[in-house]
Each structure stands twice: as C-alpha cells, then as structure tokens.
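Asks: Quick paste from Swiss-Prot:
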BINDING   Gly80, Asn111  anthranilate 1 binding site
BINDING   Gly80, 83-84, Thr88, 90-93, 108-116, Ser120  5-phospho-alpha-D-ribose 1-diphosphate binding site
BINDING   Ser92, Glu230  Mg(2+) 1 binding site
BINDING   Arg166  anthranilate 2 binding site
BINDING   Asp229, Glu230  Mg(2+) 2 binding site
Amino acid sequence: MTIEEALLGLLDGQTLISSEMESIMSEIMDGQISPIKIAAFLVLLRQRGEEVEEIYGAARAILNHAEQPILEGDPIDTCGTGGDGANTFNISTAASLIAHACGVKVAKHGNRSISSRCGSADVLEAMGFKIDLPKKETEELFKETGFVFLFAPIFHKAMKNVAPVRKELGLRTIFNMLGPLINPARTQRQIIGVYSKDLTGMFAQVLRQFDAKHCLILHGQTDEGGILDEPSVCGPTYISELQHGTVRTYTVHPEDFGLRRHSISQLKGGDARENAQIIWQILDKNGPEAREDAVVFTAGMACYVAELTPSIKEGIDKARQAIHSGAAKQSVERLLEKHRNLVI
C-alpha cells in the first residue's frame, strides 16, 4: 500500500490492517515519505480514531527499526503515555527504582519531557544516573545490576524522521500512544498508564498480539474530575489485565489495598531537580503519605506483574517494606555508584 492509497482510504473512513500500517510506518521511519504527507496521515488517523490493528502495525514497524538490547531475566517496564495534564512528580520512575529494590528486574524505557515539566530521563539524570548509555554498555550494566534506563533517542534513531512533523503539528497523534508499546528490549511484563479509559482494552489487545506475558494497562481518575496515566490514590483506577493470553477488565480503589484516598494536589511535581528531591525524600522515609502511597501502588503492581508476589496488595506491602527498611535507598545508592564508575 502506498501512502497515497492510505490517505484516500482514511478519508473514506477505512481501517488499515496491521500489515498495511506496518508498511506505511516503515516508510516513515526510513524517511521515504514527505513531511506534508506524514502530517496528513497522522491527522486523518487521529480524526477517525486509531484502531487496534493500526496501533499494532505501527508498533511492529518501529520495533523493527529499533536497536534491541539483549536483556536476560524477563525485565519489566513501568511507563505511561503522558497526556493526562496532571503534572505529577515522576511516580512510575520512582516506582521502578523501588520495584528493583524488591528484586524485580527493570528495563525502564523513557525520554525527556514531552507533555510534562519533567520526563523520566530528566529526573533520573538529576538523581545522578547516566541516561544515554549505548547498547553494549546497557547490556553489561543490566547483567551487573538488573536495572537499566533505555533512552529512546539512543535506541529509536529512526524516530528522528518524524520528530519535526510531530513538533510542528503540536497535536496528540498515534505516536503519543506508542511510547509504552515500543520498549526496545521488548519487555513482556509491563505497567502501562494511559490517558483515556478506552485505551486500556485496546492496549491489552495490542499486547496480546505481541504475546506479552503479564501486563496491567490502567487509567486513573481523581475525585476532583481529573485523569492520570498512573494508578490513582485520588479516585478509581480502571484496569485491563492481560495475563497469559487472557484479558479481564475491572476497577479498583485505593481503599481496596489499604491505601488512603488523597488529593491530586499532594502529588504535584516540578522540574527535574524538584522531582529528584521528592524521590529522595520518599527513599529517606520523609515523603508525605500521599507521595509514598502513589509510588508503592505502582511498585506493588510491578512486583505483581513480575510474579514476585501473588497479588497487588502483597506487592504494595513489599514495596513499602523496602522503603521503610532502608533497602530501597541502599539499592538506588548502589546503582548510582555503578553509574559513577562507568567509562563510556
């Protein structure tokens, strides 16, 4: 299928099958399609609404163009689509560090800030991590520590061919959905936060086509009417759980896990330096209850999808114990010591 045929089909409201979408996205990644046609394609997809087969095909194409690090041990990722407008601190990044302290292997995929003041790369860099490690050094570090950050521009170099169009458009497009689906390590266990309740089931169907093992795709809401691409300690969380090919959808509340309900204002973040300080406060056991609850909620889910614990509740308890025993801070300090000694 040519880009011209795809555009005409989209104008008629047609859905691209996954192979057609994969072909078009591959041409985009290869720099073979003009910026104006890329823009038209993205806008028409957005206007009609992206479908499961299209998201799957696009993700396949991008992964096929990515540099894939070989990371053994079935690592997990905690990642969100962004776009919730909540401006919280980096909850999923903090949770990934605490889950690692619990014994979970982590391949955290991320980038600098796009829709918020501080992206996962920004806050980790502010904490002292080297974020832009090449493939070889990433693989070696993972063997030693079981925790790595996969900086998107390093592993997805072909994305540079669409970056100017995305920036100039200034609209949410299919690429805003794809970030959590294109971890270059091809993680099979994930916590994915999405900006729309409708996306939880769609993402589960996409991940099932990728033969993912155990994933929680979730959308949080607040009692004040806001939304979160995180599990919510401020209201309900809608979850589509994919486990060994089966999807079930349900709703949970903080109280289901012994957590208090908090105001979203208590989770607000700032720039990279401020968010790094917030994470250190949590690790030092000086974080306000709301912040600690938000982090252990996600970390507990990470323990659950990694099958380190048989339930989310037990994962939450394990994550909180890691903080209160000092094990989480010690784990992060050991990681930072490794990063300080890296020679690239």
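Including glycine, each Cβ sits where the backbone N, Cα and C put it.
Relative to the rest of the structure, where do these features sit?
Replies: For Gly80 (anthranilate 1 binding site), applying a Cβ distance below 8 Å and a minimum sequence separation of six or more within one chain yields Ser92, Pro180, Ile192, Gly193, Val194, Tyr195, Asp229, Glu230.
Using a 10 Å Cβ-Cβ cutoff, His109 (5-phospho-alpha-D-ribose 1-diphosphate binding site) registers 24 neighbours.
Every protein chain considered, the tally of other Cβ atoms within 10 Å of the Cβ of Ser92 (5-phospho-alpha-D-ribose 1-diphosphate binding site) stands at 28. Ser92 (5-phospho-alpha-D-ribose 1-diphosphate binding site) carries a helical DSSP state (H, G or I).
Long-range C-beta contacts of Arg166 (anthranilate 2 binding site), restricted to its own chain and to partners at least six residues apart, with a cutoff below 8 Å, comprise Leu42, Thr173, Phe175.
In this view, Glu230 (Mg(2+) 1 binding site) is surrounded by 26 other Cβ atoms within 10 Å of its Cβ, with every protein chain counted.
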Asks: If you count, for each of the binding-site residues Thr88, Asp229, the other Cβ atoms lying within 10 Å of its Cβ, which residue has the minimum?
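Replies: With the binding-site residues Thr88, Asp229, fewest surrounding Cβ atoms within 10 Å: Thr88.
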Asks: Check Arg166 (anthranilate 2 binding site) against DSSP and tell me helix, strand or coil, would you?
Replies: helix
Asks: Where does Asp229 (Mg(2+) 2 binding site) sit in DSSP terms: helix, strand, or coil?
Replies: coil
Asks: If one measures from the C-alpha of Asn111 (anthranilate 1 binding site) to the C-alpha of Thr88 (5-phospho-alpha-D-ribose 1-diphosphate binding site), what distance in angstrom results, rounded to a whole number?
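Replies: Spelling it out, the Cα of Asn111 (anthranilate 1 binding site) and the Cα of Thr88 (5-phospho-alpha-D-ribose 1-diphosphate binding site) are 16 Å apart.
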